[in-house]
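Below is one structure; the comments refer to it alone.
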Amino acid sequence: MMKKKKFKFKVDFELEELSSVPFVNGVLFCKMRLLDGGSFTAESSREVVQANCVRWRKKFSFMCKMSASAATGILDPCIYRVSVRKELKGGKAYAKLGFADLNLAEFAGSGNTTRRCLLEGYDTKNTRQDNSILKVLISMQLMSGDPCFKTPPSTSMSIPIAGESESLQEDRKGGETLKVHLGIADLSAKSASVPDELGACGHSRTSSYASQQSKVSGYSTCHSRSSSFSELCHRRNTSVGSTSTGVESILEPCDEIEQKIAEPNLDTADKEDTASEKLSRCPVKQDSVESQLKRVDDTRVDADDIVEKILQSQDFSLDSSAEEEGLRLFVGPGGSTTFGSHHLPNRVGSGAYEQVVIKR
């Protein structure tokens, strides 16, 4: 049995954020644990969910031991687990939302590296795992050991090209294509160019086997990046017409532009037919919506009709007798006044109070 090489690294781990959290509110925290090469454990601060995102921005530094085969020089896996948890009962208990396992051997000697990873579930049989994305920054520095070593193939889901955005972005959607706007002819040529767009993808979600092998064969990350970038630039897609294209058959953006410009223009009659068909579909759709609204209105009671019936049933004419039955002002001896009806003098006595009459 061959003796393995021993290495010691200083790891600077920064816990950035957790996005796409399926909670409107709540308090989340993380527990970090080094499963191989040490006994480091730590907990992050407890932060509140804001706009479906939790930001920690907390840095941790620790020492990590690694080993490598003396024959190949490839570092053995060193797993670092980040467990995301949610507070329950005011912090007295917690629930495990998911975890992310990071192989620190992939980041050895690569400088500052940003990694986004989907959370894995603890109980995938009974619960559905949410698509939360954990963002971390890892930097490793060799403290002791042979500086000549090889990193294992990366599990990142994109080819690390310098100047490109990081992998596993939130706004990234599957099957993104580079669209070239060439006028109205693109509207009628969409049905004919579906296989072309399926074969032409502007971004590779998974790294190819050759790019992974280039990482293994080189000691520096710069060499692997340059080799994978040159491989991507010189790759050509020979079977564009087939719809069963995988990640390996990727067409360059420049090839796609040249291919679309070189396509013959369709006849003007075809353009007019497609335009007239699209215009003729709109009134039909609008009529169907109006008929549906009419059916809904027929089942409802019209409030205006009810108000009109109530107003018609009321009698708003003036009653002449109501004018004569109001209060009257009476003046008594000594200038005393009182209010009452026209029967007041009869109760008080004749001549005691006289009614005040105002002539109009």
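Cβ from N, Cα, C; glycine included.
Among the candidates SER110, SER204, SER321, the residue that Swiss-Prot annotates as phosphoserine is SER321. Checked against Swiss-Prot, the residues SER211, SER217, SER224, SER350 yield a single entry marked phosphoserine: SER350. Candidates SER220, SER320, SER341 were compared with Swiss-Prot; the annotation phosphoserine appears at SER320. SER228 is the residue among SER154, SER228, SER244, SER317 that Swiss-Prot describes as phosphoserine. Per Swiss-Prot, the residue from the list SER165, SER227, SER288 bearing the note phosphoserine is SER288. Taking SER207, SER276, SER336 one by one, Swiss-Prot attaches phosphoserine to SER276.
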